[in-house]
Each structure stands twice: as C-alpha cells, then as structure tokens.
Amino acid sequence: MAVVPVELGGRSYEVRIGKDLLRDAARQCAPLLRKSSVPIVTDANVARRWREPVEASFAREGVEPHWLVLDPGEAAKSWENLQRVTDWLLAEQVERGDHVLALGGGVIGDLVGFAAAILKRGCGFIQLPTTLLAQVDSSVGGKTAINTGAGKNLIGAFHQPSLVLADLGALATLPDREMRAGYAEVLKYGVLGDAPFFDWLSAHGVEVLAREEGSLEHAVATSVAAKARIVAEDERETADRRALLNLGHTFGHALEAETGFSDRLLHGEAVALGMVLAARYSARRGEISDADAERVTRAVNAAGLPSEITALGLDCDGRRLAEHMLHDKKMDAGTLPFVLLRAIGDAYVARDVELADITEFLNGELRAD
Ligand SMILES: O=C(O)C(=O)C[C@@H](O)[C@H](O)[C@H](O)COP(=O)(O)O
C-alpha cells in the first residue's frame, strides 16, 4: 500500500492507495468512527458492486452501515440531491464529530463532501473513490460542489476529507471509457508540472489503462503526490499555484456546458480535449513549441481520448463557447486567467488573454478538418 500525506496542519490526512482497501474499509476507518452505525452515500452502479463487501467489512467490526443510494451520473450533483443528502444525514442524527462516507466517483465525492461541509456547519467525511478520476483528482484536496444551470461546480465549498481510501481493485470493473477519462487527469499532472512523468506515461500509459498493478499504482501514487503537494502550498487557490490543476478545465468546462453535462462528453474527456486546446493556444502565442503541442495531442490520442473539437459535432461557434467561460470561478475583475504552457511540465497562469482572441482561436478549431 502507498500512503500519501496531504499536509494541511490540523486538517492533514492520508490518501491510502492499494488493493482490497474497500474490503477492509471498516478497519481503515475505525479510528474515525464513534458510533455503532455509519452513514454511507453511494450510487446505484457502485452499490451493485460494492455494497455487499463493504457491509461485510463493517459487520466484522460490529458497525451497521446505513445507506443512501442515488442515481448515477453528473446530473446527481444538483440542488435536489444536496437537499436529499443533508435531510437524510439530519434524519440519521449525524453530529459534527461524525463522519459520512462517500463511496463512488467524483460526482458522489463532490456532492457528499459539500453536504458534509454545510451540515451543522461542517461534519467529517471520508472519501472512498471508485473511479480513476476520483482517486487521482476529485477525492483529494477538499473541493466540493454541485452544478447549476449556469455551469459546473459553481456552488460549493472547500472542505477536506479526514481520510481517502483509493482501492485499485475497484478499477478492475470500471468501464474502459471511464478509465480513459480518469487517465486524462493523470496525464494532466505530467503536462502541467512533471515532464519525466509525462515521458513515463508515454511508455507505460497502455499498462496503466490495462490496469497492470505496478504501473497503475505508480500512476495513481505519483498523481496523488503531485496534487497533495500543490494543495498543501495553496489550499484555497489564492496564489496561482492550485489554479494550475485547472489545466484544460476552462476549455473543458465550456465544452461540458455546451454538451449539457451529459454522457456525450465525460468530464475527463473534456479535460483531455481542453488540455490539447490549451497546448495549441499556447503554441499560437509562441510560448510552447508546435512540436510539444503536438506531443500533447499524440498523448491524448494514444489514450483513446478526444483531441479534436470537430469530432464532437457541436452546433455552436467560438463566441458561444467563450460565453460559457464567463461563468468560470477563476474570473477576476473582468479577466479570465488561463492555464497555459511554456513547455511540457511547465504550466503557468496567464492573465493577459483576451476572450476575443480565444473566440478567434476556437473558431479556427471548430473549422479545422
Ligand atoms: O483540485 C483542484 O483544484 C482542481 O482544479 C482539480 C480539477 O481537476 C477538478 O476537476 C476540480 O474539481 C475543478 O475545479 P473547479 O474549481 O474548476 O471547479
């Protein structure tokens, strides 16, 4: 098992990465639990696979899990579900010192984390991420949120979990498309700040996607360590450091908004395409070489992820995509900071990007054949 600490003073916690952690969930969580029952929120897909082994694990410790099972999908990150989860936790008489468990992918983690953030002004929560994307990204760092009609993650809070258990065995049954989508966030750590890891992924990415144990653990642990370092330096995204983790997201969130946050384009797919667009836009500004921008495109393609906006069949122009970006949380006094690249492994936050220029760039991408 690999253990990555997230160093945040009194709110520090561990991310434990290894096999069979869900079958051992009760023992792993035991020091944090105070009652003979524990609330667990999950979705129907995850429940089908993991309810029984998790339940057995708690039975061995004499703890009774109480379950709330939601519909799967990005649409679950809604006001309605936030109310449903918080009402349920109140009915469960959860106190501030208690922990609620979020068992599932990024949607469950973000939603339950936000519910925990506001329940009685903050109760504990434990992340049990079951997708690659959630293991390497959303379960770590304390960003919690729901979506609204105006965009993604616009209502939320910073609220750190007390523990993250990333069970690599949970990835064995993950659909290939979800695996590739999570891989986009793995690749992101190489592109934004770790060129040797980018090179390692170029050679071993296939093994990661095939879930070969050693390569998978290395990829997850390296990704989590990168995120933990950045979060420890800039927990609340105030110093142009944590914002680097948003590489590909400004373009990506706009594409997600345009496709209605639907299965048409998964979050990780949007990030992969967004990363390609960020690299190409950086090349257009003369900041990264065309060759390196092309390497980013090739790495995205090699993972079976989308690299061309034209393939989405969108019925919109660059201006419409740029308008989605105006809702971005990074908007600052009328300007939108963009995470761009000087080289692979050297991302930075640009504050001089004109939306008119982005619009022109996107129009070019939308017309490309
Ligand atoms: O943890 C962060 O910080 C990130 O930006 C990681 C992103 O990959 C993640 O998708 C995050 O939830 C997006 O953050 P947002 O602030 O753009 O909603």
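Note: Cβ is positioned from N, Cα and C throughout, glycine not excepted.
Lifted from TrEMBL, the feature list:
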DOMAIN    69-180  domain '3-dehydroquinate synthase N-terminal'
BINDING   Gly106, Val107, Ile108, Gly109, Asp110, Thr130, Thr131, Lys143, Lys152  NAD(+) binding site
DOMAIN    182-331  domain '3-dehydroquinate synthase C-terminal'
BINDING   Glu185, His249, His267  Zn(2+) binding site
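In the domain '3-dehydroquinate synthase C-terminal' (182-331), helix, strand and coil residues by DSSP number 106 helix, 0 strand, 44 coil. Counting only residues at least six positions away in the same chain, the Cβ atoms of Ala145, His253, Glu256, Ala257, Phe261 sit under 8 Å from the Cβ of Lys152 (NAD(+) binding site). Gly106 (NAD(+) binding site) sits 10 Å from His267 (Zn(2+) binding site), taking the CA atoms of both as reference points. Separation of the C-alpha atoms of His267 (Zn(2+) binding site) and Ile108 (NAD(+) binding site): 14 Å, rounded to the nearest whole number. Among the binding-site residues Ile108, Asp110, Thr131, His267, no residue has its Cβ under 6 Å from any atom of ligand 1. Using the Cβ center of Glu185, His249, His267 for Zn(2+), the list of other same-chain residues with Cβ within 8 Å runs, in sequence order, Leu133, Asp137, Ala184, Lys188, Gly248, Gly252, Gly268, Ala270, Val271, Gly274. For the binding-site residues Ile108, Asp110, the largest tally of other C-beta atoms within 10 A is found at Ile108. In terms of DSSP helix, strand and coil, the domain '3-dehydroquinate synthase N-terminal' (69-180) has 50 helix, 33 strand, 29 coil. Distance noted between the C-alpha atoms of Ile108 (NAD(+) binding site) and Glu185 (Zn(2+) binding site) is 18 Å. Summed and averaged per residue, pLDDT over the domain '3-dehydroquinate synthase N-terminal' (69-180) gives 97. In this view, Glu185 (Zn(2+) binding site) is surrounded by 26 other Cβ atoms within 10 Å of its Cβ, with every protein chain counted. The Cβ of His249 (Zn(2+) binding site) lies under 8 Å from the Cβ of Val271, Gly274, Val339, each of which sits 6+ residues away along the same chain.
Asp110 (NAD(+) binding site) sits 16 Å from Glu185 (Zn(2+) binding site), taking the Cα positions as reference. The separation of Thr131 (NAD(+) binding site) from Glu185 (Zn(2+) binding site), Cα to Cα, is 12 Å.
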